[in-house]
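A short worksheet on the structure shown next.
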Amino acid sequence: MEAGGLPLELWRMILAYLHLPDLGRCSLVCRAWYELILSLDSTRWRQLCLGCTECRHPNWPNQPDVEPESWREAFKQHYLASKTWTKNALDLESSICFSLFRRRRERRTLSVGPGREFDSLGSALAMASLYDRIVLFPGVYEEQGEIILKVPVEIVGQGKLGEVALLASIDQHCSTTRLCNLVFTPAWFSPIMYKTTSGHVQFDNCNFENGHIQVHGPGTCQVKFCTFKNTHIFLHNVPLCVLENCEFVGSENNSVTVEGHPSADKNWAYKYLLGLIKSSPTFLPTEDSDFLMSLDLESRDQAWSPKTCDIVIEGSQSPTSPASSSPKPGSKAGSQEAEVGSDGERVAQTPDSSDGGLSPSGEDEDEDQLMYRLSYQVQGPRPVLGGSFLGPPLPGASIQLPSCLVLNSLQQELQKDKEAMALANSVQGCLIRKCLFRDGKGGVFVCSHGRAKMEGNIFRNLTYAVRCIHNSKIIMLRNDIYRCRASGIFLRLEGGGLIAGNNIYHNAEAGVDIRKKSNPLILCNQIHHGLRSGIVVLGNGKGIIRNNQIFSNKEAGIYILYHGNPVVSGNHIFKGRAAGIAVNENGKGLITENVIRENQWGGVDIRRGGIPVLRSNLICFGYSDGVVVGDEGKGLIEGNTIYANKGCGVWMMSSSLPHVTSNHVSYNGLYGVAVFSQKDGSSELPRGHRAQENFSEDGDAILWETELEKEDDPLRRPITIALVESNSINHNGASGLYVQSSEALHVITNVIHANGDRGITVAQSSQPTRVANNSISCNRQSGVKVEAQCKVELRGNGIYDNRGHGIITKGDSTIVIENDIIGNRGSGLQLLPRSDTKVIKNRIHSFRAYGIAVRGRAKALVQENIIFQGKTSKTIFQQISNNRECIMQNNKFLVFKKKSDTWRLVNPPARPHLENSLRRPSAAHNGQKVTAMATRITARVEGGYHSNRSVFCTIL
């Protein structure tokens, strides 16, 4: 094309009138003409593509308003696909050398219709030869008997789709056939419209109504741009079948059934279909981005380290005052005593809790008064998740998760998991892509070792989208599944496969339902706004549920019950209207490294025999409790970060024997950990809400397998007493640990720091509660309070810098032995009337009050303690009345004599002693040794939290 020629716009206008052969010839003139022909993409190539009667819009039926990237390329793909059925034409010719000189026979075109060469399809087929083209002109063609295709032919309808209707039952016995632009309806004598057992059939731009299509292996088929109205495609043992850009409407049963393992025998078309699939654009993401950091909640600093505690006295004064003396009414100390409540507990007046490493240094005193400083370091919370994320939550601020908690993309997950990548790239059995299934009963049913792959489809307004049973495998990539009247995807009887990158929402039952030993990989899906749960695992179902977004579902985001045993890792489960994860009815599961946030009920709810392993999760910003362990719930709760929930961090029943260890529980609205034992009536189900009714299948009663796997799980160690150990419990709105239980409880090696009420409150404990080797510091009121009629043993604890008393007790059997009670603003120990306490071998110090204060007729044995004098105006020991039941034996009282006096806690060093008792979270267990339906959860708001129920959350 010369520079002085016509403008390009004028050339495009001229070339727009050319037909396809002429465009091809023009593109061969030179490179300039070739590029000019390519530039006609949005004009002439678009007209040719949409004007072709053998195809429809390239993005029909799912996105008919979205233009393809290239109309020319789309037209090219249509043309090449229309020729697939003849690929073996040369193979059927004679292979002897003389065939090279034989004149090739031209394909004939046979016309069928009124006034044409043939009156019926049957008569035309009787005269057809290999690869002839039979054209049906507009009209209705009804065949009274079964048509048998004995030679490869092409049957095409003339005119617009719908003008040629064929009422027939066709049985293909030849190697290949193509049918195009036809409307099929079944003949009067058979519902089967088309059947093939060994050959290849290709349907393009056809409509099928109210009948069946059957393809048996080693037969194959390729179906494109077809509409199926109440029509069932049955694929039995097919090695490969391709359904593309099809619409399935109004099915009374399944739209597509894939049955049987793909046949090992393959016909000639298998390799061509496989090549066509591999050359087509993939639905797998291709972005090449760096891996994001994986969630790692176990990389924490050491919880604490042994320390030496120095008590440094500055100033001088005469020795101690008499033990029975009281402070002067006008003194500063007298005003501090006025802060003691009616029960003898000191109430802090300052609004903030101390987080500092040093104890109070007399900030309320005048500068000319003597100063007393405690130079030890108080153990604070363990840092987790790096930095400021776990600071005080800001009201109204948006939630910004650290980069290490951001979900990986599907491509990143597949690159990390080579087996999943190989599975995603595999093609076997039936490939269904870019199809629309709507307004019917079922979408795709895969059974009896069948194999099916679904990419880029839409399933809507069905009873269910996909069912996979009896050792079958499905691969589902980038599908939309919504408004199903039951579950979206249903797997049972050892079904499996890969479910990745799908958008599953607004379904009446679970988005994904896994039962009876099914074991799929569920990866990088969005499962949301379901009318019930997001994912349900029950009846010995398994599965790996990883890196999904599960949100805004009406019931639990993930429901595990009836021996369900999945591995749930790396998911974001948020904004659910019930619990984030619920484990009921003997459900198990390994639940690790998930972000569970902003759910209306408990982040994780464990009840009725549920026994999961809950490890290294972030459970935050919930509108109720972080973790709920209800009636008969068990399990290991280890290494989790439970943060900023409006209820308790952990609410549990001690009768269930939960094991709560190595968790970081902070900034929750109520208690850090609350332990109860009273039954809440949750074992009673209201009428009409039985489990069988909630999860029944097609109205049938469910008989679940009751065989349990051997309890040799290395993730759990057997315990016989409820255990709270090695946790960091800090900055919670009420007490760090609240106990109201009639069962025994062990509280061991925890850091309980800077909580808004007491460190530990024991309100009820008819069986012994053992509190050992804990660091209890900087809490807004007392370090430990024991109510009346409670049995508590306090041993080996460090109780430092609390704004009330160190320990205050009304209990009738309290043992305080070998503790360090140092630097608290109230008395070290406050023994209230009618209490019975043994105080043995403790080291006790208070800055502003008494070392030990005995109120009324308290019964006490105070023996072999070291009691340091605090403020100069206070005595070491105070006894309000002459109480003969208070026995003092072999105690050592230390008072300062001169400014340089220094006391050190060195033999033994400052408590708690944790070097031998600290447990770290055990290593993640990747194997699947965790085992399958829970009753419906119903919310009930209780009037008060102290009714011994989990706040906002109860199982009815």
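Every residue, even glycine, has its Cβ placed from backbone N, Cα and C.
Here is what Swiss-Prot records for this protein:
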- 316-336: compositional bias 'Low complexity' (COMPBIAS)
- 351-361: compositional bias 'Low complexity' (COMPBIAS)
- 1-48: domain 'F-box' (DOMAIN)
- S321: phosphoserine (MOD_RES)
- S326: phosphoserine (MOD_RES)
- 314-367: region 'Disordered' (REGION)
- 198-217: repeat 'PbH1 1' (REPEAT)
- 238-260: repeat 'PbH1 2' (REPEAT)
- 427-448: repeat 'PbH1 3' (REPEAT)
- 494-516: repeat 'PbH1 6' (REPEAT)
- 538-560: repeat 'PbH1 7' (REPEAT)
- 561-583: repeat 'PbH1 8' (REPEAT)
- 584-606: repeat 'PbH1 9' (REPEAT)
- 630-652: repeat 'PbH1 11' (REPEAT)
- 653-675: repeat 'PbH1 12' (REPEAT)
- 717-739: repeat 'PbH1 13' (REPEAT)
- 740-762: repeat 'PbH1 14' (REPEAT)
- 832-854: repeat 'PbH1 17' (REPEAT)
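Counting Cβ pairs closer than 8 Å and at least 6 residues apart in sequence, the repeat 'PbH1 12' (653-675) and the repeat 'PbH1 7' (538-560) reach fewer than three and form no contact. When pLDDT values are averaged over the repeat 'PbH1 14' (740-762), the model yields 94.
With respect to Cβ pairs under 8 Å, the repeat 'PbH1 7' (538-560) is most closely packed against 494-516, considering the stretches 494-516, 584-606, 740-762. Applying DSSP to the domain 'F-box' (1-48) sorts its residues as follows: 32 helix, 0 strand, 16 coil. If you look at the repeat 'PbH1 1' (198-217), the same-chain residues 6 or more away from its ends with a CB under 8 A from one of its CBs are 53-56, 81-82, 84-85, 161-162, 172-186, 191-192, 223-239, 241, 260, 262-263, 265, 267-269. In the repeat 'PbH1 8' (561-583), the DSSP tally of helix, strand and coil residues is 0 helix, 9 strand, 14 coil.
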